[in-house]
Amino acid sequence: MIIKNIGCLVTCAGDFPKLKDNLKDAGIIENGYIVTKNEIIIDVGHGDGYKKYLPEDDFVIDAEGKTVTPGLIDSHTHVVYAGSREFELPLKLNNMNYIDILNAGGGILSTVENTRKASEYELELETKKRLDLMLSHGTTTIESKSGYGLDFDTEIKMLKVNQNLNTKHPIDIVSTYLGAHAVPKEYKTDRNGYMDFIIKEVIPYIAENNLATFIDCFCENGVFDTNEASKILLAGKKAGLKIKIHADEIESVGGAELAGKLNATSAEHLVAATDAGIKAMAENKVCAVLLPTTSFYLMLNKFAPARKMIEAGVPVALATDCNPGTSPTESLQSTMTFACFGLKLLPEEIINAMTINAAYAIGMEDEIGSIEVNKKADLVIFDAKNINYLLYHFGINAVNKVIKNGSIVVENGKLV
Ligand code: NIG
Ligand code: FE
């Protein structure tokens, strides 16, 4: 396949993860072309250099001056769940906060109830609909967390949905075990019992059956504290899982510091991360996965200190946090909007943060995340003449085509 006449080819090529001022360099080629073969990119350049591949490679797409980026990577999602939580909206508007809703049996625990009731088949169908939306909005790879089961069967059911959809759906899925998302009601008076169950029963089974790559923990006041998080995450690490942490989402609890100490792959949210936490992350190259739609949706009136993190040398990625409570959106284009107008990141920084740096956040930087020879042919053609235009015209789906593993899977914004 040849894609020619690309007005703005955003390659995101070069050293990774992109740090500090390098994050502003999205490797843009004007009037570019891409040649792919057998699911892989075999040439990238500008002008009519593609002509040497004619006529045998005669499948030519004329991008008509549009913008092309690497397939977007959503490095933090809770996309597997049943039901919805629109009933929380009036509660929020009446100033009930997130942790109070959770402690009153709502929030995560109400989704847990619905997810436990759903069969694996029903859960797969609901999740597939969301993956379709993700794909049609330009996402080609995601990380997907468990954490709405909390009991053994439902957590495994969620991870199996990831595994099945990874083979059935064009989107590639990397799995994370998030048993430590909340303490379930059956352990309400026995937190240590729940942690023991995670450590002794669930983690060994998941590791043995290759059901997850990462382990995660919601480290927050009223959920799991840093000692508890540390215990759970280290047990996961010992079993061969890599570490992610929901850290300092609402209050500064030392989550970013813990991420540095444990040499985590990533720490996520970080709205209330401290300067010491940012320093610990930079020193240990822990990726910050920022979720600006969540700050907006929780009405925090505050966004993560993205600029400070970038200046300190922390690798920064962006993701949707797609979930039924704090960020009910499948669209990384919504994330782009809030990254620009909330986090005040530049368009180049935003695209790097949801491609090459997001690949780094899920350990796939050798295969995806940039438009370079030998990488996977995962590409998005946006109906925009440049990346400033892509950020400027908001609230619509700007996708023209999505190419996954070298095949067109979305055309004019619709699945094919
Ligand atoms: O990333 N913070 C914890 N987990 C999710 C929210 C899950 C929910 O409310 O259902 C988050 O915001
Ligand atoms: Fe999350």
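Glycine is no exception: its Cβ is also placed from the backbone N, Cα and C atoms.
Packing around HIS78 (Zn(2+) binding site) is summarised by its Cβ count: 26 other Cβ atoms lie within 10 angstroms of its Cβ, all protein chains included. For the recorded site, HIS78 (Zn(2+) binding site), the DSSP three-state label reads coil. Per TrEMBL, Zn(2+) binding site is recorded for HIS76, HIS78, HIS246, ASP321.
Taken from TrEMBL, the feature Fe(3+) binding site applies to HIS76, HIS78, HIS246, ASP321. Annotation for HIS76 (Zn(2+) binding site): same-chain Cβ neighbours under 8 Å, separated by at least 6 residues, are GLU143, LYS145, LYS244, GLU268, VAL289, LEU291, ALA319, THR320, ASP321, ALA361.
Annotated 4-imidazolone-5-propanoate binding site per TrEMBL: ARG85, TYR148, HIS181, GLU249, THR326, in sequence order. On its own chain, TYR148 (4-imidazolone-5-propanoate binding site) has HIS78, VAL80, TYR81, ALA82, ILE108, THR111, VAL112, ASN114, THR115, THR154, MET158, HIS181 as residues at least 6 apart in sequence with a Cβ closer than 8 Å to its own Cβ.
The annotation N-formimidoyl-L-glutamate binding site is assigned in TrEMBL to TYR148, ASN323, GLY325. DSSP assigns ASN323 (N-formimidoyl-L-glutamate binding site) to a strand.
For 60-83, the entry in TrEMBL reads domain 'Amidohydrolase 3'. Counting same-chain residues at least six beyond the ends of the domain 'Amidohydrolase 3' (60-83), those with a Cβ under 8 angstroms from any Cβ of the stretch are 1-12, 32, 34, 54, 110-111, 114-115, 117-118, 122-123, 126-127, 130-131, 134, 137-148, 158, 161-162, 178, 244, 266, 268, 289, 291, 317, 319-324, 330, 332, 351, 354-356, 358-359, 361-362, 364, 368-371, 375-376, 378-387, 389-390, 400-404.
Residues or ranges marked as domain 'Amidohydrolase-related' by TrEMBL: 249-409.
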Any same-chain residues 6+ apart from ASN323 (N-formimidoyl-L-glutamate binding site) with CB under 8 Å of its CB? Would you list them in sequence order, or say none? THR77, HIS78, VAL79, TYR81
Out of ARG85, HIS181, HIS246, which of these binding-site residues shows the lowest number of other CB atoms within 10 Å of its CB? ARG85
Given ARG85, HIS246, GLY325, THR326 as the binding-site residues, which ones have a Cβ positioned under 6 Å from some atom of ligand 1? HIS246, GLY325, THR326
Go through the binding-site residues ARG85, ASP321, THR326 and pull out the ones with a Cβ less than 6 angstroms from some atom of ligand 2. ASP321
Cβ-based neighbourhood (8 Å from the centroid) of the Fe(3+) site, residues HIS76, HIS78, HIS246, ASP321 excluded: THR77, LYS145, GLU268, HIS269, VAL289, LEU291, THR294, ALA319, CYS322, ASN323, SER327
Between ARG85 (4-imidazolone-5-propanoate binding site) and HIS246 (Zn(2+) binding site), what is the CA-CA distance rounded to a whole number of Å? 21
Looking only at ARG85, TYR148, HIS181, GLU249, THR326, which the record lists for 4-imidazolone-5-propanoate, tell me the maximum pairwise CA distance in angstrom. 20
